[in-house]
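Participant: Just lifted these from TrEMBL, have a look:
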type	residues	note
TRANSMEM	45-67	transmembrane segment
DOMAIN	53-540	domain 'K+ potassium transporter integral membrane'
TRANSMEM	87-108	transmembrane segment
TRANSMEM	177-199	transmembrane segment
TRANSMEM	219-237	transmembrane segment
TRANSMEM	244-266	transmembrane segment
TRANSMEM	323-345	transmembrane segment
TRANSMEM	365-392	transmembrane segment
TRANSMEM	447-468	transmembrane segment
TRANSMEM	475-497	transmembrane segment
TRANSMEM	503-520	transmembrane segment
TRANSMEM	540-560	transmembrane segment
DOMAIN	554-791	domain 'K+ potassium transporter C-terminal'
TRANSMEM	580-598	transmembrane segment
Amino acid sequence: MASRVEIDEDSDNNKGSMWVLDQKLDQPMDEEAGRLRNMYREKKFSALLLMRLAFQSLGVVFGDLGTSPLYVFYNTFPHGISDPEDVVGALSLIIYSLTLIPLLKYVFVVCRANDSGQGGTFALYSLLCRHANVKTIPNQHRTDEELTTYSRSTFHEQSYAAKTKKWLEGHTSRKNALLLLVLVGTCMVIGDGILTPAISVLSAAGGIKVSSPGMKNDYVILVAVVILVGLFSVQHYGTDKVGWLFAPIVLLWFLLIGGIGIFNIWKHDSSVLRAFSPVYIYRYFKRNGRDGWTSLGGIMLSITGTEALFADLAHFPVSAVQIAFTTVVFPCLLLAYSGQAAYLMKNHDNKTVLQAFYLSIPEKIYWPVFIVATLAAVVASQATISATFSIIKQALALGCFPRVKVVHTSKKFLGQIYIPDINWILMILCIAVTAGFKNQSQIGNAYGTAVVVVMLATTLLMTLIMILVWRCHWILVLIFTGLSLVVECTYFSAVLFKVDQGGWVPLVIAAAFLLIMYVWHYGTLKRYEFEMHSKVSMAWLLGLGPSLGLVRVPGIGLVYTELASGVPHIFSHFITNLPAIHSVVVFVCVKYLPVYTVPEEERFLVKRIGPKSFHMFRCVARYGYKDLHKKDDDFEKKLFDNLFMFVRLESMMEGCSDSDEYSIYGQQTERSREGLINNNDNTIGSTADLTISSVDSIVPAKSPLHANNTMSSSSQLSMQNEIDELEFLNNCRDAGVVHILGNTVVRARRDSRFYKKIAVDYIYAFLRKVCREHSVIFNVPHESLLNVGQIFYV
């Protein structure tokens, strides 16, 4: 067995003998951990800074919600208005929809469930994964929970939260159902990323036809397509350079639609303000029956962009978003819809309803408003596209999406990314929807279906968040869930009537992406299970001896594996088929955790495998779902820096471990740390007895007096060993580094059901073929790459 450091059982802080490398070894960790934790908490901002952040959030968070007045009334009354009182009823529905969903539910409740500033369905899922063991790929270790960004709550065993946690963890099918719910929500957000640019840009471009009634609709579509192609073509530049324009454009847009709304209320019919009474909702449904019910599909478009509001939360504090919504967005939207309603009370023929927004604009400011509307539509589309990129990056990190190229477009902001493959797919689908339907009403029906499904998924996830994370009283959970489901299920039932009128589009898009994501996740899970069940035992490895039964050639072999513990089967496959292995072998595991980010100083875990003479190590590089892993020279340099630091620390600790258990060195007590570093300190004997064990012998623990007498010679010996090993590692590094990647092929068994064969042998195999190879993602030079293949059957 390998050398071991054993600490007396009386030490409360003994967590094994594997240490996280820390540059500031001689300083307390508690203070630094506290500083790091504070970085990821909601900070208190000055009033001036808060107002500035609220202004900036307008361009990022509210663009999609702000462009809804362009198309809501037309989609609510696609066949015209038979009774002017219906306009008041529709306005009343819009007012209370905006109040209940965006204002009360999202801005004041859901936004508080952000994961270190990140929103969206995967952020909620990450929170749940930290508070309950619901992650389907079990690649986490208990040391991951000690990260400063791995915050979670604890609760009493008999509490309702504990019972819910136990119920969720009780069966694999419940974990899969939760994952499926998250994937459905994610797929609908992707659909939103296709439909938002289509309906926003097409509605904005429709203003051209208002000024030129004789213009054919095909020309409007052509203008919209040109704008869309231009929008998607410049995505690779990012929004860093032009992002500062977004907030002024959206603010100007809100002020314009609010001002036009006031003008129309004053000029046409101020009696529409009676719509603030919910009585008119009842009268609307009583008067229109089923037609009134199905018109809810158009009413619901007034709250589209609400889910994007949560997904685009980014690094804006919740208080800034709340200020921006309550002081600018909400009042301006109410005024805009009320102004359009006042105009429609006097002008309710079919042609007027079709372009209600543009026709209600005063003639003198028509073209300036048209330009701002087009720019606002572009900003809204950009926000949705960025949210789609972000959520796909999160899905990729959690093993739920095929490997695609992710490009950072900003050196200042981590969250600004660009995914080329997804960008062009979105563009093609968006143009197909715009040119294929040629009708705002059908696109609106599709848009409404996507949005309401995402809202339902968020409500169900929020129920679990309130129980497990916030530990709310069950009555509050029941009130929130009940009210949300009543409103959203009502809208859902309305959009079901319009599935054949365009509502099928997001269902087809979501089904395609859901199939891709679930099959990829299934294949990834089976590969991981195979690696876990077939990993090499330590006894077999030790039996090979220091040479591993092979010729050890100069150099360092980096063996990439998905295992964070144990020796992967691919390594035994390698050494049984090749006659030589490198003098130093490092098993590298790059894994993503359900946290927003992993601080740089806590990223790497290093340990030794087997005795020192084997020269085998493991390095685990941990990333959050927003971190971008780039296997470049900098990563390799950090890996070796941490490896060398580990050797130095190990020499100070005078031992090593062959255990698969990790431990956080920084969490050992200050007494223990000082005793191990300070050779002249008499407290080392009282802090912990050190027992060095090896294959051949067990050295008994020495008394404190004996320990002091032998400390000097032991320190000299360990220092000499450290120098020798560091020199050996440097020489091996100079000799060359080879990257050994496993290429595991998954196949379905012959006796498998036909759908499993289709999923594994065709869909998953195709995705593996077209997605990026590990060697490309890790940026491994071909001359330094060695692929080792194997096949296993599921």
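Cβ atoms here come from the backbone N, Cα and C positions, even for glycine.
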Participant: Is the transmembrane segment (503-520) in contact with the transmembrane segment (447-468), using at least 3 Cβ pairs under 8 Å (sequence separation of 6 or more) as the test?
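Facilitator: Contact between the transmembrane segment (503-520) and the transmembrane segment (447-468): present, because at least 3 Cβ pairs are under 8 Å.
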Participant: Is the count of Cβ pairs under 8 Å between the transmembrane segment (219-237) and the transmembrane segment (540-560), pairs 6 or more apart in sequence, 3 or more?
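Facilitator: Not in contact, no.
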Participant: Please work out whether the transmembrane segment (244-266) lies in contact with the transmembrane segment (365-392), by counting C-beta pairs under 8 angstroms that are 6 or more apart in sequence and asking whether there are at least 3.
Facilitator: yes
Participant: Go through the chain and flag residues at least 6 beyond the ends of the transmembrane segment (323-345) whose CB is under 8 A from any CB in it; none is fine as an answer.
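Facilitator: Residues 50-51, 54-55, 57-58, 61-62, 65-66, 68-69, 72-73, 81, 84, 87-88, 90-91, 94-95, 98, 102-103, 107, 251, 254-255, 257-265, 267-273, 275, 302, 352-353, 356-357, 359-360.
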Participant: Across the domain 'K+ potassium transporter C-terminal' (554-791), what does the pLDDT come to on average, as a whole number?
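Facilitator: So the average pLDDT across the domain 'K+ potassium transporter C-terminal' (554-791) works out to 69.
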